[in-house]
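Down below is the structure, laid out as structure tokens.
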Amino acid sequence: MRSAQVYRWQIPMDAGVVLRDRRLKTRDGLYVCLREGEREGWGEISPLPGFSQENWEEAQSVLLAWVNNWLAGDCELPQMPSVAFGVSCALAELTDTLPQAANYRAAPLCNGDPDDLILKLADMPGEKVAKVKVGLYEAVRDGMVVNLLLEAIPDLHLRLDANRAWTPLKGQQFAKYVNPDYRHRIAFLEEPCKTRDDSRAFARETGIAIAWDESLREPDFAFVAEEGVRAVVIKPTLTGSLEKVREQVQAAHALGLTAVISSSIESSLGLTQLARIAAWLTPDTIPGLDTLDLMQAQQVRRWPGSPLPLVDADVQEQLL
């Protein structure tokens, strides 16, 4: 006997969360809970404004239609990426095919005063890997901050993300202020320039390795080994089903590329599932999941060690 619930939710964000020049005041999304006999599976559907093709209203319509079909015995996954991901997670939990083991290590997202960051990062236990957003301020300032962090902490490796913010000139301005002796400790820089060709040229000219992120979701993208390309950053909410995520990870690994499972600012429920996916598909790589502190609450499942209050599903708006 099958049954299902769908919930709509909204979480207030901390002030100052900006995505592509848009302030994100709340994170909006949906949960689906599927039950079959004694088994249960949860999934999160939370399109990311400015990044997802769909908004949450469109996702809601597709999700409700899919759930009704599933209740009638049809299991074909929807095509919409955020819905396909959430539904496939719920089905994987239902069938016990998503392993419970999780990688809760996260590359901390660094912002704020560089002196404070140095103290925080110096005290990090184990492998020191952190993420810095660049491209929000002047490229010269970004270069100086990155250089300062690498100089102050000799065993630090940085993942940088420019979100295609730079022209070739801006990229060169950034690199000019990063000591060539430190550049090998930039694990990768995600999508530095507005075009892939400019990003490839940036890698060749600076010796700073790059990673593809947005490119993975473009129709002409193909997995190929290229000089200067070290990694791919996979955001499952923007990608689609678990099977598609797995295919992309396998394609990257086959070329010797690092694959990083990364957050699209999911709630704690989605983040804990991403931590499980990372442990399953990319066990040797620290995932990019340090986004929970951007929110003011956790929902349904706790992220270990988070002090944020937990909100249960039964206080959310139930749609089904």
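From the backbone N, Cα and C atoms, a Cβ is placed for every residue, glycine too.
Record note: Swiss-Prot gives Asp161, Asp213 as Mg(2+)-binding, and the candidate from Glu138, Glu190, Glu227 in that site is Glu190. Sorted by the number of other CB atoms within 10 A, the binding-site residues Asp161, Glu190 start with Asp161, the lowest.
Distance noted between the C-alpha atoms of Lys133 (active site, proton donor) and Asp161 (Mg(2+) binding site) is 5 Å. A Cα-Cα distance of 14 Å separates Asp161 (Mg(2+) binding site) from Lys235 (active site, proton acceptor). For the active-site residues Lys133, Lys235, the largest tally of other C-beta atoms within 10 A is found at Lys235.
Within 8 Å of the Cβ centroid of the Mg(2+) site, not counting the listed residues Asp161, Glu190, Asp213, the chain contributes Arg159, Leu160, Ala162, Asn163, Leu189, Glu191, Ala211, Glu214, Val233. Sequence-distant contacts of Asp213 (Mg(2+) binding site), defined as residues of its own chain at least six apart whose C-beta falls under 8 angstroms from its C-beta, comprise Asp161, Asn163, Glu190, Glu191, Val232, Val233, Lys235, Ser262.
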